[in-house]
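Trainee: Take a look at this one; I'll ask things after.
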Amino acid sequence: MDTSTPDPKKGSVSAERQANRNPIQPTTSNISKAAEASAHQQDQRGMATIEDDDDRLLVRIGYTPVLQRHFSRWSTVSYAISILGVLGSVPATFGSPINAGGPATAVWAWFIGSIMAYCIASSVAELVSAYPTAGGMYYVTKHVVPPEHVAAWAWIIGWCNFLGQAAGVASLAYTISQMILATAVMHSSFVDGAPSFAPTALQTVLLAILVLCLFGTICSFPTEWLHKIILWFAPINIIASVCICIALLVLTPNKQSAKWVFTEVTDGSGWGSKGFSFLLGFLSVAWTMTDYDGTTHMSEETHDAAIRGPVAIRMAILVSGVVGWMLTVTFCFCMSDVEGIMGTPSGLPVAQIFFNAGGKTGGTVMWFFVILVQFFTGCSAMLANARMAWAFSRDGAFPFSGFWSKVNSLSNTPVNAVWLVVAFCSCLDLIGIGSTLTIVAIFNITAPALDISYIAVIIAHRWYEGRVMFHPGPFTMGKWSKPVNAIAVTWVCFISVVLFFPTVKPVTFTNMNYAICVAAFIGFFSMIWWYAGARKTYIGPRTTDTIDMLPPEDPEAILSDYDIP
């Protein structure tokens, strides 16, 4: 594979196309002319032979290139790692497995969960390698189910993916707000052990909305700027994680024993079973290790997306799995005062660990990098959500889709879709003013909604593979594909049930896990909308199916038809 950097001008559209940036699908007649003009013989591998000619590949899929490709190999890998953002996400969710099942639960749930995440991510990578578009797994649906079922499947998968990502973005902004306010609490004066400053729900939500606006501003930048910014996300994440672990281990007195860290399992949930409490500990890794297809939503802005996207997805899981486990083990060793740390007035146990080890100054410096990496994660997640919204709207799935699918003439990015996501996520966070239970339930739906949207496509691919022609991309798992798919599907079905359980017993109005209620509402609402009218207008991805009409290497004629040099 040629790894040289492609010409940045490659794939740019004509001046006339620049004036009207709405995606336009190629017609069957133009495709046929291009196919007839080719002297190449048909290669049965189809799309698997195309690795670098991204715009030709996109036209074969059925979309006209309208975005600029600036993401390189390293910015793609950095983006994939940053969307998981372990240095920000692990501290934000560390208290959950500790409360549920103790330190060994946190340590081994992360270890096992990372392996399962690798199976899911590999299954996703194999599918999106074949059809690298901004729609990600949503678009793949068109090529794994029979034509008569495409619209319904794409509707369900698209909405699950969009809403799951939106809940994730809203939760990231909310968490960053909590982290910033936790810092203020730790720096406030204490009277009789109680801090003089206690943030209100309104303050938390307003700060979260401000954070969302900052996400939106950055995500509105041109792709070339985003490429240069995101290059730094992963290095800062990894280097800061290693340095913080070393600092905590050096500065923390009276560290816990290895036996306590790796073997201590408790029944903190009250369900009367250490085994079940251990399963509840998977919440942290499930919330962190998700949005695997986030990288694929940037496919139309990435060079050699069919191979670099899937490779970046798998590499991100490996790196994040190792770094996340390292952080989890370190935090457990540094829990010298378990009761004091879990009962911290900041509400975030890891913040207390930092301040215990480094004092106000050292703790604040370490905590700053946690907030910074969580901010990187939020930007990356919003970028994926915005590209998904843009892809979904160009297929007519949203009200006023024509407006949301426009590409800004100044930045050459879908700015309207970005601010649609900002507005939608702000509305989700506003719920936190009136009901903490509801906002937590919405956040908890992130992992199940995304993971279910992935395995639904995987199941459809295997169920209909005898009826629907699927052209594998350059990344495949070969003979391991079916076993890995089976593991991924089984795990998601199992863990999704666990994640919908209440985390504490006895179950009361205040500790109920309302994620299942949110999931039921989303399912009910989407089906009502579908039968009320969407089924009459929505047809799924609006592309001409040309993959079987074209030779393996698209002729120059197909690009000249669209003024693409």
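Any Cβ shown, glycine's included, is placed from N, Cα and C.
Quick paste from TrEMBL:
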- 15-32: compositional bias 'Polar residues' (COMPBIAS)
- 1-46: region 'Disordered' (REGION)
- 77-95: transmembrane segment (TRANSMEM)
- 107-131: transmembrane segment (TRANSMEM)
- 152-176: transmembrane segment (TRANSMEM)
- 196-217: transmembrane segment (TRANSMEM)
- 229-251: transmembrane segment (TRANSMEM)
- 271-290: transmembrane segment (TRANSMEM)
- 311-338: transmembrane segment (TRANSMEM)
- 365-384: transmembrane segment (TRANSMEM)
- 415-433: transmembrane segment (TRANSMEM)
- 439-464: transmembrane segment (TRANSMEM)
- 484-501: transmembrane segment (TRANSMEM)
- 513-532: transmembrane segment (TRANSMEM)
Trainee: Could you tell me whether the transmembrane segment (439-464) and the transmembrane segment (365-384) have 3+ CB pairs under 8 A, leaving out pairs under 6 positions apart?
Mentor: no
Trainee: Which stretch from 77-95, 196-217, 229-251, 484-501, 513-532 shares the most C-beta pairs under 8 Å with the transmembrane segment (152-176)?
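Mentor: Most contacts with the transmembrane segment (152-176): 196-217.
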Trainee: Restricting to the same chain and to residues at least six past its boundaries, which positions have a Cβ under 8 Å from a Cβ of the transmembrane segment (77-95)?
Mentor: 71, 106, 175-176, 178-179, 230-235, 237-238, 240-241, 244, 283-284, 287-289, 291, 294-295, 298, 311-313, 315-317, 319-320, 323-324, 327-328, 331, 342, 348-351, 369-377, 379-381, 383-384
Trainee: Can you tell me which recorded stretch out of 196-217, 271-290, 484-501 has the most Cβ pairs within less than 8 Å of the transmembrane segment (415-433)?
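Mentor: Per the Cβ count, the answer is 196-217.
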Trainee: Under a criterion of three or more Cβ pairs within a distance under 8 Å and sequence separation of at least 6, are the transmembrane segment (439-464) and the transmembrane segment (229-251) in contact?
Mentor: no
Trainee: Given a Cβ distance threshold of under 8 angstroms, which distant residues of the chain, six or more beyond its ends, lie next to the transmembrane segment (271-290)?
Mentor: 84-86, 89-90, 93-94, 96-97, 100-101, 105-106, 108-110, 112-114, 117, 164, 168, 171, 265, 317, 320-321, 324, 328, 444, 446-447, 450-451, 495, 498-499, 501, 503, 505
Trainee: Taking a Cβ cut-off under 8 Å, which residues six or more beyond the ends of the transmembrane segment (196-217) line up next to it in the same chain?
Mentor: 169-170, 173-174, 176-178, 180-181, 184-185, 188-190, 345, 375, 378-379, 382, 418-419, 421-422, 425-426, 429-430, 432-433, 436
